[in-house]
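According to Swiss-Prot:
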REGION    312-317  region 'Important for transport activity'
REPEAT    80-173  repeat 'Solcar 1'
REPEAT    285-371  repeat 'Solcar 3'
MOTIF     312-317  motif 'Nucleotide carrier signature motif'
TRANSMEM  82-109  transmembrane segment
TRANSMEM  150-174  transmembrane segment
TRANSMEM  183-203  transmembrane segment
TRANSMEM  253-274  transmembrane segment
TRANSMEM  288-308  transmembrane segment
TRANSMEM  348-368  transmembrane segment
Amino acid sequence: MAEQANQPTVLQKFGGQFHLGSSFSEGVRARNICPSVSSYDRRFTTRSYMTQGLVNGGINVPMMSSSPIFANAPAEKGGKNFMIDFLMGGVSAAVSKTAAAPIERVKLLIQNQDEMIKAGRLSEPYKGIGDCFGRTIKDEGFASLWRGNTANVIRYFPTQALNFAFKDYFKRLFNFKKDKDGYWKWFGGNLASGGAAGASSLFFVYSLDYARTRLANDAKAAKGGGERQFNGLVDVYRKTLKSDGIAGLYRGFNISCVGIIVYRGLYFGMYDSLKPVVLTGSLQDNFFASFALGWLITNGAGLASYPIDTVRRRMMMTSGEAVKYKSSMDAFSQILKNEGAKSLFKGAGANILRAIAGAGVLSGYDQLQILFFGKKYGSGGA
């Protein structure tokens, strides 16, 4: 029972999976972006995979993410047990990501379809999630729905190791307390620590996210006789380095780091504004009200920052192409001018479905761990 106390419940995973962010927000999750809400503190949150529930200014700060929550091994367990939790978390991440991979690929295809059309790799726009699923299976086969998943699973391990390496340093560097140092200093410290830790981890694993994005969006050429652009993960690196050099693997990195800070600012801003207004009177200790508020804030911040994810992935898609965006601002302005604001939110609906699917699979996986091992190990995040 003591072992299970640090593990997220089914509802925690379900709520955590609703986060609409993506890779840039993984750096945010590494710094515990989501403060708990009232009774949500006591009944619904868990220690995050980075700091085991870092407390900032009296607010317990758990993680809510688009990826499953990973509960890190407590320090007193020792290296051996931590490694077991780390590896089991990897298995958990692989299971969750693989189960949700078809929806993830559809999300990326819908999100980047306009870039694919410009490059001549898609004949016509997708009409929706169902149309994207149907056309992908018809043109490429059922197994193609998992294209790019290998890079996504591999990315988990270095991300977790880097998060573990960076967490203590940035925790000490920006250790402001809300009640002691004041709100704005605490707020700024949260943005700075999240941005620094997120960017540090992201720097080392960004190329894997780039490769995953390119593979997932590598639909059989509309005008090329059904030929793919890349033959696998290694081929993505080889062709990108040949055409664009190292810069090609990091296209969109700067806006990704900005996205970390934007998400943190939106989350904490909405939390501090809505909690005193909504959770009052009889709702103060109401579990469902607390959960609803947490869900609303997480999705609100994720949806508001979603255009940043779209811009960075659209920039990724131009590596190897003759025409590239000059900067993230150029990409943003061109997308708005030529396609409209709606294009910045393409794929957001599929992202919600992916989150729900991942949470459901992880919940079942946790029960299997209890059945076979007598306890729950860490659940793969990132």
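Here the Cβ of each residue, glycine as well, is placed from N, Cα and C on the backbone.
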- line: Secondary structure of the repeat 'Solcar 1' (80-173) by DSSP, residue by residue, totals 79 helix, 0 strand, 15 coil
- request: Using DSSP, tally how many residues of the repeat 'Solcar 3' (285-371) sit in helix, strand and coil.
  value: 70 helix, 0 strand, 17 coil
Task: Average the per-residue pLDDT over the region 'Important for transport activity' (312-317) and send me the rounded value.
output: 98
